[in-house]
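One structure below.
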Amino acid sequence: MGGLLSSMLGKQFEEDIISGKANFTDPRFVNALAKLKDVSQYFAPNFTGVDYPSSQQLFVAGRAAMFAGGSYEVANFTKQNPTLDLGVFPAPVLKAGDQALVATYYDGGYAVNAKSDKKDAALKFVRYLATPEYGTAFTNTLKNLSPIQGIKIEDPITQEVAKLAENSMSYLMLVRFRYQEPSGSVLLQSNVQKMLAGQQTPEQAAAEINKGIATYYKPFQK
Amino acid sequence: MPVSPIQAHTLKHRSWVAFLVIPPVVFMSLFVVYPILSAFAYAFYEWRGLARGEFVGLANFKEVLFGPTMAPVVWNAFLHNVYALIALMIIQNGGGFLLAWLLYKEPFGYRFHRLAVFVPVVLSTIIVGFLWKLFLNPNFGLVNQALNSVGLDALAKPWLGDSSTALGALILANAWHFIGFPTLVYLAGMQRIPSEIIEAARLDGTNEWQLLKNIVWPLVAPSTTILFTLLFIGAFNWFEIPYVMAGLDGSPFGSTDVLGLVFYRTAFGNQSASIQNFGQGSALATMIFLFIVVFASALTLWLRRREIQF
């Protein structure tokens with residue numbers, strides 16, 4: 001959803017969700033789901049039976065033209081098929097002139113155990129992880145963005161990704177709704193699957209997602 | 001006081017028995033009884049990750065059975081277990097019985113077939129699940145390609161992605177994997193039937209159906225007892241095939257969810273829900289265990305009573 005629908009939701013939608021001014025029955029969310037249902041006619045044949053690894057394989061093998069994924073896929077894809085000529089683009093906008101966005105999240109941090117008997121060595125290592133030297137190696141090996149500033153990115157696709165990341169919103173369900181039950185991701189996945197299978201409308205899917213999150217999310221309970 | 005020879009003998013005998021019995025009892029207590037009891041105890045506590053919180057009584061059980069978040073998921077999964085039990089009873093055990101009868105009659109090449117039918121049982125479930133996932137792949141899988149090549153394109157489906165066929169596909173994969181086991185057990189049962197009985201029935205002019213129904217089926221009752229009980233336990237502990245073929249969430253949208261998957265997600269979390277709740281997980285596991293113990297025992301007692309001695 002982050003990859004495909006972010007531009008249609010918009011940064012304002014995220015703010016409204018946080019403040020409680022809007023919930024997931026908001027027309028912006030329902031319309032974005034309806035658009036997803038609409039473009040699903042262009043998905044791979046029998047896509048409901050294609051799992052994530054198979055969809056990666058379809059793209060790597062050149063049997064799918066587009067892949068809705070993240071920058072973390074680039075190194076994996078180009079390693080599997082070095083001749084793969086790929087580019088990146090942000091989530092499509094609803095109408096010309098809208099801000100084109102990507103969805104981002106902070107993923108993977110480092111910590112040192114306070115009771116470690118090798119604490120000094122561990123801290124030294126963690127400090128190294130924050131140096132431009134490490135950031136450069138990280139970005140150029142894994143072809144993904146590092147939070148460390150001032151890194152010279154060699155790979156043209158990663159340069160492109162870095163430019164896209166300047167206009168971003170949160171990868172909403174992961175960033176905000178992953179840590180309580182039922183998680184936003186679980187609700188989104190099952191209800192979008194149901195919608196794409198034609199068993200519920202975008203309105204119904206949005207209502208179900210909202211109902212699940214409202215059981216614990218205070219701003220929706222007002 | 002002097003020890004009489006008889007007393008000395010009893011003492012020696014007793015220490016010998018103790019020497020034999022104590023090590024296995026200690027071993028079983030430590031590695032079987034203690035883990036089961038401690039899982040049972042976990043269910044009565046609140047958990048914060050690996051740290052045990054307060055004693056909460058039956059709250060975890062209540063949440064699993066009646067909570068607005070857990071209950072619909074648990075009952076949906078339970079129904080799928082029941083469905084799998086019934087379907088596998090018919091396909092796996094029923095099919096095994098018929099295959100055993102065919103092999104019993106020793107048709108041409110029966111030695112080969114007896115071996116062939118058992119080969120999948122030896123394979124690892126991970127391999128079988130992966131194999132069937134490839135067979136059922138909607139675009140390049142064997143099943144759809146076969147349908148397309150004989151002009152039945154209309155029947156080709158995304159089997160594992162369609163909520164009406166996904167659970168059925170898992171059941172068939174499971175039956176393919178294990179049908180050799182009931183076949184072999186029934187075959188052994190049939191070979192135990194004294195041949196005079198079957199010959200006498202044949203002389204009396206019974207047809208094949210009467211022979212199966214009135215002679216063979218009642219006389220393989222001990223095999224049925226063990227197979228039905230094992231399938232019952234297996235169906236409610238079902239995990240591997242759904243996990244490998246449908247994933248932890250029982251895709252699509254819970255159509256293949258079973259209690260084993262719910263337990264795993266609840267206790268250990270998954271990629272789309274980073275919550276781990278040992279308390280509720282243990283409560284669910286405890287209830288699955290008690291359910292299986294109670295009903296499997298009742299089933300065994302009932303099945304035992306229909307066994308005939310000969």
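Note that Cβ sites are derived from N, Cα and C of the backbone, with glycine treated the same way.
Pulled from TrEMBL:
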TRANSMEM  B:16-45  transmembrane segment
DOMAIN    B:74-299  domain 'ABC transmembrane type-1'
TRANSMEM  B:82-103  transmembrane segment
TRANSMEM  B:115-135  transmembrane segment
TRANSMEM  B:166-188  transmembrane segment
TRANSMEM  B:215-239  transmembrane segment
TRANSMEM  B:283-303  transmembrane segment
Same-chain residue ranges lying at least 6 outside the transmembrane segment (B:283-303) that approach it to Cβ under 8 Å: 36, 39-40, 43, 60-61, 63-65, 74, 221, 224-225, 228-229, 232-233, 236-237, 259, 262-263, 266-267
Non-local residues, at least 6 beyond the ends, that sit with Cβ under 8 Å of the transmembrane segment (B:215-239): 81-82, 84-85, 88-89, 92-93, 96-97, 101, 174, 181-182, 185-186, 188-190, 193, 197-198, 201, 206, 258-261, 264, 288, 291-292, 295-296, 299-300, 303-304, 306-308, 310
Other parts of the chain folded back onto the transmembrane segment (B:115-135), taken as Cβ under 8 Å at six or more residues beyond its ends: 99, 103, 141-143, 160, 169, 173, 176-181, 183-184, 240-241, 243-245
